[in-house]
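A short write-up of the structure that comes next.
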Amino acid sequence: MDSVDLEKSQSRPAGGIRFDEENRRSISQRPPGLRRTHSNGSMSIRSVRSRREVDPAIALPIQYRTVSFGIEQTKAKEEAPLTKAKDATTAELSSLEWHTITTDEALRRLSSTANQGLSDDQVARKFKEFGRNAPSPPKSRRFQKYLGYATTGFSPILILGAVLVFISWKPLGEPNPAVANLALAIVLVGVWLINVAFQTWQDWSSSKVMSSIKNMLPEDTLVIRNGTQISLGAPDLVPGDIVCVKAGNKLPADLRFLQVSTDAKFDRSILTGESLPLAAAIDSTDMNYLETRNIGLQGTHCVSGNCLGLVVATGDRTVFGRIATLTNTPSTGLTTLEKEVLHFVIMICSLMFVMVAIVLICWGAWLRKDHPDWISVPVLIVSCVSVAIAFIPEGLPIAVTSGLTITANIMRKNKVLCKSLKTVETLGSVSVICSDKTGTLTQNRMTVTECNIGNRALAAADAETEIRDSSTAPGNSVSQLRALSALCNGAEFDAASMSKPIEERLVHGDATDQAIIRFSERLDPVSHIRQCWQKTYELAFNSKNKYMIRTFSIFRRDALKQTLPEGEANSWQGNDTLLTIKGAPDVLIGRCGYYTTSSGETQPFTADVRTAFEQQKNLWSSQGKRCILLARKIIRQSSIKNHQGTSAFEDEMNEHAKSGLTLVGLVAIVDPLRPEIREVVETLRGAGIRIFMVTGDFALTALAIAQDAGIVRTPTPLVDDVTALPRQAPEGSSSDGEDSKSVRTSLVISGPELMTLNEHQWKILTQYEEIVFARTTPEQKLRIVNEFQASSGIVAMTGDGVNDAPSLKAADVGIAMASGSDIAIEAADMVLLDSFSSVVEAVKYGRVVFDNLKKVICYLLPAGSFAEFWPVMTSVLFGLPQILSSFLMIIICCFTDCAAATVLSYEQPEADVLLRKPRNTKTDRLVNWQLGVHAYGFTGVFMTLTSFAMSYWYLERCGIPFSALWLSYGVLPDWIDQAYYNQRLYEASSIYFINLVVMQWFNLMAIRTRKWSIFQHPPLFNPKTQNWYLFPAIGFAIVMAILWLYIPQLQVTLGLAPAPVEYWFLPMAYGAFLLIMDETRKYFVRSKPQGVLAKMAW
């Protein structure tokens, strides 16, 4: 019956309309004006390579509005034929009537009830019929992806080089084409294919890493089945399930709302592109299925309030699944690292073009006329291609992606999940961390330790003893507090865990409600009091109001004596309403007109009584405890003017809550710090990162916890407040307070005070080393992030609640806890599965990515460009033979150096990686003048000179003196045999090649650290520093050298010759000397950090 009715009520999705679950799950629409400058949102999981991804944040609203407009037209013209896929989708959505029928009819069609939900048998049948609540995978675009790999990056240069060299073979090389040129063209094509293959593999590998990370993110929902509330994975939902939605939840399917709180609002920006949340409703507000507010659409977020919803569509049948066919790929901005790499590539390519231009100009203006037989056109083309290929670091793109993927994998093992590889590199630049308190710095295991009733402080254990005392009257003060704790509470015990001890039971709800409901349960089962009252209205807690309201009508009168004093219980009339309220004392205490005494009686709330309660609140706050006030009010039926369930009734209840409350008691809640927090804070401070606490807690509470965590080290009397921030600079001062920056250490400031600050005060505030932001709202958290970004800070924001989402989106790196709300996880770039201590590892490896990339470049430049360029230039300028063949230049760049460059991505962090200040993204470039001096002026010059010396010394030993070659331009003395000369020249070229290959082994060991000795950072036998991959890379270089030089068949074809054995050992001596020289340089850098060498260190 249920399946038939459902089939009548909703049609099948249009063919081919699918959406990638991985992308859908990480959608995070950023409101206008909140654009990241250093990190993309968590919209899609991608590598920094050229994977082409769809950004639903841009495309979905377009499709949504198109379909919505189509529905409006369809409603107006039902007879219009609809043939296209989009029109078919529009027609299907137009025919849905879940929003127009009554809630009872919707429940009947799906054979469900609001209180019981579905039975296990019903779930099994529906699951078999409708399948998992997950969209079908999208069509693969492999051809487009592979085509992109083959035509982007350095691929065009490789292909162009291969074509030019091939032309140099034929027809330009005729009538005697050089076979070596053909071989070189083939090698270039082979390198291009290897590059494409490696990019494909790397992309697949990184996507697997990101996919596994994605699967580790939580995605559960609360469902009512068999009359009990359980936690269930979203993919296991079926039509007819009853879903409980609370603030922060993402809707797992399309829902018809059965119950909504007055403040229930949903963020539909992912579909509509509009950032303003929409209020939920029970009845239809629009005939258009996409515009009505009694339907909750999959993928949207509940930003406030709570709802009860009936699942009406899952998987491909949801609106999300129907309209998610996207074809356009919006362009995305470059990240910091991509900009740095692009800057380097532009610089090196510009240098390449200049050098090639110099060669061409010299040839065209001079050599072609004065020495026409010296360099032919084919030789010129091959030489220019060789110089171009030599200058281009073919291994750099591979190293970038490898480094990011490796680091993301390492962080995953450390319980840090990066939604995007682009997040990894931004972490190394973070200079400010704004941390939420609850669940981030603390364990999020709140416990009620004390209560205060009638100005009588009582430990939680003593309250249990008192309420169990048989001589205690039923309506005593503790009993009243217990009743209010159970009634004004949004938490629920999980039915499956009710047999366990109270502390071990699973509770659904926020941490504060969990603590209070456990406290109430210890005094007496919560279910006993809740089943006696019927809820009529609820206003959920939010960070703006800072309180929660629930109203009740009596269901069983015997509960009155447990909830109210005897006199008020006896005077209760049948239709009266009990208003309960719970929240921040500083917000609610002014609304109280009465209070409950320690004996349980109700007395006027005098000024003296108020002062006593405030003193107790301040005492608990100074001890780092969260203080919650619980109050009630009896509203007589005669004073209620509106009917229950109407918006007017809800407004009336809110008005009643503004005055005349009876303060029943205070409870103190302790949320212990995570044991590792103090060490984490100290480590991050040592890394030059400022850590600020941003919380909604009272200022005294926040400051006490910040001091306990080590975030604030200043004694309380010396901590500044808002009065330390002058509204304008002193007369005659040209600074914004920098002259007194040394004394600006610690500050505590509240959210309302933040809103009064002017620009000058914000500039002073951003200079503080230790700040506690208390009583902050979501808007104020966002302002904090923006202000520190404006002061050139790279800001990371941590949080786990709904109110953290805007600031998580705006921060350069948004960090959420895995236990946090769906909307916080959705907005964040990074998720911590374990604890806040994982941030240390994240920052460390974020810096390592940048460090290792500098090492890759410093390794590639000396031999791969500098030492290869000069044989060509000396040949052009001084008439010397090109002592390194063009073919061997390609082998160095594309084979022997690439493997080592890639394995440098596996280098472990250096000892001082967390002792340095964060990288300044504006001044600290990937390739600066210090790196250029080291790579070219130190290593490159030494390699080039020794390679020239080795080659010409060999020719000298073979009877070909250097003087005979200088300015010869190919004209040899008569006593040198041409064939003999060519063979010796081949051997000299091999010697030059071997010298570079062998010396690169030692350069590889030298550039592993920037200032630490190889003995302090050994490559073997130390788990913290070792990199075993270095030695296979060296072995690969040896194999490549032997392969190309010592196989006779290749020698004849490619014009190569084997190098004498002794020329393998002499470069080792040169390499050892290079390593010793670098060790000496590092020693002076360490011993004299302010010296010239230290300033020149890369």
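Glycine is treated like the rest: Cβ placed from N, Cα and C.
Summarising the annotation, TrEMBL assigns compositional bias 'Basic and acidic residues' to 1-10.
According to TrEMBL, the domain 'Cation-transporting P-type ATPase N-terminal' annotation covers 97-170. Secondary structure counts, DSSP: the domain 'Cation-transporting P-type ATPase N-terminal' (97-170) has 43 helix, 1 strand, 30 coil.
The region 'Disordered' annotation in TrEMBL covers 1-49 (among others).
Per TrEMBL, region 'Disordered' is recorded for 722-743 (among others).
Look at TrEMBL and you will find 146-167 (among others) tagged as transmembrane segment.
Annotated transmembrane segment per TrEMBL: 179-198 (among others), in sequence order. Packing against the transmembrane segment (179-198) from elsewhere in the chain are residues 146, 149-150, 153-155, 158-159, 161-163, 165-166, 168-170, 173, 378, 382, 389, 394, 398, 885-887, 890-891, 894, 1053-1055: each is 6 or more residues past its ends and has a CB under 8 Å from a CB in it.
Annotation comment: TrEMBL describes 341-367 (among others) as transmembrane segment.
Marked as transmembrane segment by TrEMBL: 379-406 (among others).
Per TrEMBL, transmembrane segment is recorded for 856-880 (among others).
The annotation transmembrane segment is assigned in TrEMBL to 886-906 (among others). Long-range neighbours of the transmembrane segment (886-906) within the same chain, counting only residues 6 or more positions beyond its ends whose Cβ lies under 8 Å from a Cβ of the stretch, are 180, 183-184, 187-188, 191, 194, 382-383, 385-387, 389-390, 392-396, 398-399, 402-403, 406, 852, 855-856, 859-860, 863-864, 868, 989-990, 992-993, 996-997, 1000, 1004, 1007-1008, 1027, 1029-1030, 1032-1034, 1036-1037, 1040-1041, 1044, 1054-1056.
Long-range neighbours of the transmembrane segment (927-955) within the same chain, counting only residues 6 or more positions beyond its ends whose Cβ lies under 8 Å from a Cβ of the stretch, are 340, 343-344, 347, 854, 857-858, 861-863, 866-867, 870, 883-884, 961-962, 965, 984-985, 987-989, 991-992, 995-996, 999, 1003, 1006, 1060, 1063, 1066-1067, 1070, 1074, 1077-1078, 1081, 1095-1098. The transmembrane segment annotation in TrEMBL covers 927-955 (among others).
Away from its own ends, the transmembrane segment (990-1007) comes close to residues 855, 858-859, 862-863, 867-868, 871, 883-885, 888, 891-892, 896-897, 900, 904, 939, 943, 946-948, 950-951, 954, 1014, 1019, 1030, 1033-1034, 1037-1038, 1041, 1045, 1056-1060, 1063-1064, 1066-1068, 1070-1072, 1074-1075, 1078-1079 of its chain (Cβ-Cβ under 8 Å, at least six residues beyond either end). Taken from TrEMBL, the feature transmembrane segment covers 990-1007 (among others).
Within its own chain, the transmembrane segment (1028-1047) has Cβ neighbours under 8 Å at 888, 891, 895-897, 899-900, 902-903, 906, 990, 993-994, 997, 1000-1001, 1004-1005, 1019-1020, 1054, 1056-1059, counting only residues six or more beyond its boundaries. Positions annotated as transmembrane segment by TrEMBL: 1028-1047 (among others).
Under the heading transmembrane segment, TrEMBL lists 1059-1077 (among others). Residues of the same chain lying 6 or more positions beyond the ends of the transmembrane segment (1059-1077) and with a Cβ under 8 Å from any Cβ of it are 938-939, 942-943, 946, 950, 954, 987, 990-991, 993-995, 997-999, 1001-1003, 1005-1006, 1014, 1045.
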Within the predicted model, mean pLDDT of the domain 'Cation-transporting P-type ATPase N-terminal' (97-170): 83
